[in-house]
Each structure stands twice: as C-alpha cells, then as structure tokens.
Amino acid sequence: MINFEASSNTISNLFFVPFVLLLPTLALGDCTCDTDEAKRSDSSEMLHYKLGSIASVLVAGALGVSLPLLSRRIPTLDPKNDIFFMVKAFAAGVILATGFVHILPDAYESLTSPCLKDNPWGKFPFTGFVAMMSSIGTLMVDSFATGFYHRQHFSPSKQVPADEEIGDEHAGHIHVHTHATHGHAHGSAVSSEDAETSELIRQRIISQVLEIGIVVHSVIIGISLGTAGSIDTIKPLLVALSFHQFFEGMGLGGCISQAEFESKSTAIMATFFSLTTPIGIAIGMGVSSTYKENSPTALTVEGVFNSASAGILIYMALVDLLAADFMNPRLQKNLKLQLGANISLLLGSGCMSLLAKWA
C-alpha cells in the first residue's frame, strides 16, 4: 500500500503556501476611503468580547468537526447506513450555501468597492473569473492527484497475471473448468478490492481539497472579527460565526470520516480546522491598529482569496459530494431515502443561508 498521508501533503502545500505569503499584506497599503471612527467602542471592552469569541468559535468548530468522526463508535452514523446519506446531504448543503451565499457576495463587494481604482477592477468581473478559475484548478488537482494515486497503486507490476493454463487447448474439461472458476473468483475479489481502494483514494483527496477551501475562508472571516472596531459589530458576528463553524465542521468531518485516515492524521485535520478561525481572530487583533479594511491592498487580497475559496467549495459541494451521492443507485432505488436526502440538503443550505443575515 502507498503512503496516502505523505503523498497528499504536497497538494495542501501548493494551495496554502501562497496564502501564508500574502496574508501580511492585509495590514498594508494606502487607504483611499475613510473609516468610520465614530462607531469604535472602548478597547478594553472589545478585547473581552474578542477573547470570548476565540473560545466560542474554537469550541463550536471542534464540536462540529468531531460529531461525524464519532460515526466509528455510533452504529447509526456508520457510512453504510441510510441515515448517513441524509447527514452528508445536510453537510453538503451547508458547504454549498457557504460558497454561494456567504463567500461569493463578500468577494464581489470587496472587488467592486469604490475604494479600488476603476481600471482594472471596474472594467472586468474579477469575482466570477477567479471563482471559475479556482473551480477549474480544483478539478485539475482532483484529476491529476487521483490519476497519480491510481498509477502508483494499480501499476502493471502490482497486477495479478492471468491464469495461463486456461488457454491450453488440449487441457481436459475438468482442468479447464476448475481453473476458469478459480480465475473468475480471484478476479472478482481483486476487482472488488481495487474498487474499494479507488473510492478511498477519492474520499481522501476530496477531504483534503475541501479543507483547503474552508481554511482560507475561515482565516479571512476570523481577521474580520478580530479587526472589528465596534461591539455592535462583534456581537452578531460572534453568534453567527459560532454556528457557521459548527455547520462547516460537520461538512468537513463527514468527508474526513469517509476518508478513513489514520487516527493521527484525522486528529491533525480536525485540530487544524478548529484552530484556523481563532488564529484569524488573533491575527486580526494583532494588526487592528494598522489594519485598514478599506485599503486597496486589503480589499484586493480579501476579494481574490474569497473568490478562490468560493470556487473551491462550490465545486466540491456540487461535484464531489452531491453528484456522487445523489446519482448513487442505492439512493435512487429508495424513494424514502431520496426524499430524505433532498430535504436534508434543503435544510442544510437553508440554515446556512439564514446565517448570512448576521454574518
């Protein structure tokens, strides 16, 4: 067996390194629009709210991502049960609404701000273009990574050679029948094992690419809360982001659960997700004195990264999560399960969309 964890780190690094390099530029740049200083609240009181938000968001994210991982110990939530289809549909609805309702409008607002120069930002729809290219890039990574793992695991040297004795024309009836039966049974077993391995590879790639898209967005919204200058702004953000992280964590946790990573890798991925928004809040608190949310640099970086994140999440939700499950013969043959999955999808997307009223 190949080492999935070691090989897959390359994919995460390709996405995350550019983000880390450009993150400090959020606090730089000349401001072209004045910020409203009148709404700024007492700094000590804001500090208490921001510290409280770190704890609240951390607990909500950890709880959300951990619940699906308990499926290994709760038979009802096992991926082989019908109920798991509905749980996964709900989670996919949350991720889809996050991309369409939360991230994409924020990206559009940033890249069409009057604080940016009309040329080029007002001359071309960069929000949709970046989201489209991000979706195409995700498809390419998904395809190339899956192909790479398939070539590594299903290389000709690892294939079982066919039974040469079947081709002997002069063999007796009993001999041919016995070996043909043996070859057929062996081939079925190998085919079944290969199918399971292929599905496992797919689930691991999905979970890693999905976490990349979520992490980029989580850091940005954390910075937004950390740099907020008014308690009236922080209070609704605190509540909304807690629910936001909980639902988003459920979506990611479901994918990690199906990927069947080793316990150490599962813990790392869950912890990484749980810490990203609190880290973003801490970064926002650290740069709040110099951060100018209306500066061209901040607007550009936020807009581009939000657009890319939206493209990743929309692609993953529609192609890798919903399409794969909703076209599954097991779901299509069961009308009750099909209706339940569709209702769960609407509930997940509806709940997450409702949160857009506050965050």
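Including glycine, each Cβ sits where the backbone N, Cα and C put it.
Marked as signal peptide by TrEMBL: 1-29.
Residues annotated as transmembrane segment in TrEMBL: 53-71 (among others). Sequence-distant contacts of the transmembrane segment (53-71) (same chain, six or more residues past either end, CB-CB distance under 8 Å): 77-79, 84, 87, 91, 222, 225, 234, 237-238, 241-243, 245-250, 252-254, 256-257, 266, 270-271, 273-275, 277-278, 281-282.
Taken from TrEMBL, the feature transmembrane segment covers 83-104 (among others).
Listed as Cβ neighbours of the transmembrane segment (124-149) (distance under 8 Å, sequence separation of 6 or more from its ends, same chain) are residues 2, 4, 7-8, 11, 14, 104, 107-108, 111-112, 201-202, 205-206, 209, 213, 303-304, 307-312, 314-316, 319-320. Residues annotated as transmembrane segment in TrEMBL: 124-149 (among others).
Residues or ranges marked as transmembrane segment by TrEMBL: 209-231 (among others).
Residues 23, 26-27, 47, 50, 53-54, 57-58, 61-62, 65-66, 69, 207-208, 211, 214-215, 218-228, 241, 245, 249, 252-253, 256, 261 of the same chain sit 6 or more residues outside the transmembrane segment (268-287) yet have a Cβ under 8 Å from a Cβ within it. The transmembrane segment annotation in TrEMBL covers 268-287 (among others).
The transmembrane segment annotation in TrEMBL covers 307-327 (among others).
Listed as Cβ neighbours of the transmembrane segment (339-358) (distance under 8 Å, sequence separation of 6 or more from its ends, same chain) are residues 82, 85-87, 89-94, 96-98, 101-102, 105, 236-237, 239-240, 243-244, 247, 322, 325-326, 331. The transmembrane segment feature in TrEMBL is assigned to 339-358 (among others).
Under 8 Å from some Cβ of the transmembrane segment (83-104) lie the Cβ atoms of residues 68, 71, 76-77, 127, 131, 210, 214, 217, 244, 247-248, 250-255, 306-307, 309-314, 316-318, 321-322, 325-326, 328, 331, 337, 340-353, 355-356, 359, all in the same chain and six or more residues away from its ends.
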